[in-house]
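K.L.:
This is the structure I have questions about; it appears just below.
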Ligand SMILES: Nc1ncnc2c1ncn2[C@@H]1O[C@H](COP(=O)(O)OP(=O)(O)OP(=O)(O)O)[C@@H](O)[C@H]1O
């Protein structure tokens, strides 16, 4: 119905327009065309598209002309050269010599061929004809034979190179390398000699291949051995299978469509018989002549835009034409030209730090002291024999700092008996840091780890340069150190997915954190990963200030990216929670489950940036001195950390939390549950070791980078890689001096804690029993109104109000249905500190 009405309205409008026409049937505006209208029509006639088409035809002709004249040059140059040598085109075309030239395309052909073949690039100049033809063809027929920009780049670079190449080998045939190739070779041979020139030319070819195709020679060779592929498919190794791509960059697609539309407009214009009737708008419709009003049923009413009738009874209908569709080939060729999205493009010249910024400590080999091994073995066997434990077999594996003695006990020996002898064996070996692993998982032997008297240092250089690390295809590769069997220990932070690091002061924690950061810096581009660094000690991470605009993220309006102030930590963590929620929203819209899938889709241009999609870098949040933070900010930090730890793995936010004091009020159950991956440097007590690792062992480490890593399953003893502060400084300097983004990655704004959760609760309104109620819920570890009712003899309503206030202050968690509310303070001391800070008694 609505469509019918619309159609009727349009018919009426047309009738009105008809009455405006003069008796001869011409539209009123056409009767006296003003000068302006004429000008408009002229400019319409010579619009950009038409000029392009004309130029395109000229270019195609010219390309054929240059091709033929150059081709004929091979046969005619000997007789023509005298005449074209050193004369201008004009002088040559209008000289008085009546004798014809030999070139098949006359004087102009002879002159052009001489220019291309002799004066410019020799035979390689055919590339010029090819480029002109390609552009002409595109402009004329709007058909892309090959990706234009890429083809020009390929043609020009190869033209230059082959001209030099031919000039090197065949000096006496001028038209092979042209004057360009000849002159460059002259200069090269003079400067670096004949052999040097040859090497330079080969190197230049390599550079050209790398520049154009990011050439990986070996993979080409392998592919060449396999299937035969087309030239331009071959040279774009990054492209995914084109047929899989369903969405193209919409801006680009619209442009192409608009261009095609424009092309047809002009075409229609010429078809029209009475051009004086057409104005710019009318020209964009196909004109269908019909006998009478019968056309109506065949048209969608909304498509009918205008009727332009000259004679009564005749019915001329204009319909809006539908959008032109690209053929599959056209679509793919455009996409080929555009290529995948490259997140690193903005800093495309970025260089990863070179390995020589790191120092060698030792020769990277484990030094073996046979005498020591023998002595230790004897002492172990002796000690055990004192306790009547017989050994069937003993074997030693020497690591950088520790040697593992594997024992196969005689049948009938109880394993726990050996385990209990830890201290006795340590005494007999007079060594610290003996650890007994009974049994070694998956081996059926008992391990005794004994520190070497002269431990070897593991340099970060040897780890970074290791094949295992360099060949790893992890998303966030970390190389931590060497295991007891001297293997490089690497893991993927995204799989961890969060790390808890603990160790008493001076045991190598800061060095370990540097190893983590350095690993990522040696493998990742600034577009791929960002760090949020929290350093309450204010001195440990300041080195990384230099890479702020490359690798760091910060809150809007903040001066420093490295956070040293506790209150800012709370804001930053909450801001990260917002970023997490935003990222989940993006993932939902993209219908993917992880950041990896999301980025892959974005790179393949399947997600539209206009809809808020963007390439998502990983965010690594590193918090040093977590204990300090918990002491000052309490639950305010614990809460967002727990939230991030629970949810952030899929959207690429990974936490590394380090602490000197791994006590239970710092590493609470909530934190522990969400940090399955733990690294323990030496701690001072068994209890601390249990808190961090859920087992003892960290208290028996020897310090100086000796550590235990648990990524969820087994405990692995690793000697941490060492990179000294000046080395880290050099790496940061190297990165910092390169071109950077205008600023650090800006995190979403968060209305701070001072203005956040407890802002809407007025201190004056706080119940006089609030502090007591808070103590009761913390002591009883139960956040319920009924508890307060009972203990404080309160009415239901007042107890309910106090519970709301406790929640508002972050002392208890939100309402959880039938479950009791979670109490967010684990001990009364931290609550008292919190209450004092808030001025509540
Ligand atoms: N992997 C290692 N190899 C060799 N020596 C190391 C290693 N790690 C640490 N050390 C030595 O131990 C010293 C202290 O290390 P580090 O500064 O990392 O301790 P820390 O645990 O961070 O102490 P704090 O918590 O007080 O900052 C270093 O200066 C270095 O001499």
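Each Cβ is built from the backbone N, Cα and C atoms, and glycine gets one as well.
All annotation found in TrEMBL is predicted automatically rather than curated by experts.
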K.L.:
What range among 54-75, 76-97, 230-251 does TrEMBL describe as transmembrane segment?
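P.N.:
Checking TrEMBL against the ranges 54-75, 76-97, 230-251, the transmembrane segment one is 54-75.
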K.L.:
Looking at the candidate ranges 117-139, 255-277, 278-300, report the one that TrEMBL labels transmembrane segment.
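P.N.:
My reading of TrEMBL: the transmembrane segment range is 117-139.
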K.L.:
In TrEMBL, which of 151-170, 311-330, 331-350 is labelled transmembrane segment?
P.N.:
151-170
K.L.:
Which of these ranges is annotated transmembrane segment in TrEMBL: 190-213, 358-381?
P.N.:
190-213
K.L.:
Helix, strand or coil by DSSP: which one applies to residue 510 (ATP binding site)?
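P.N.:
Once the DSSP labels are grouped into three classes, residue 510 (ATP binding site) ends up as helix.
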K.L.:
Across the domain 'FtsK' (486-690), what does the mean pLDDT come to, as a whole number?
P.N.:
89
K.L.:
Just name the most isolated of the binding-site residues 505, 507, 510, going by other Cβ atoms within 10 Å of its Cβ.
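P.N.:
Per-residue Cβ counts within 10 Å for the binding-site residues 505, 507, 510 bottom out at 505.
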K.L.:
Cβ under 6 Å from an atom of ligand 1: which of these binding-site residues qualify? The list is 503, 504, 506, 507, 509.
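P.N.:
Near the molecule: 503, 506, 507, 509.
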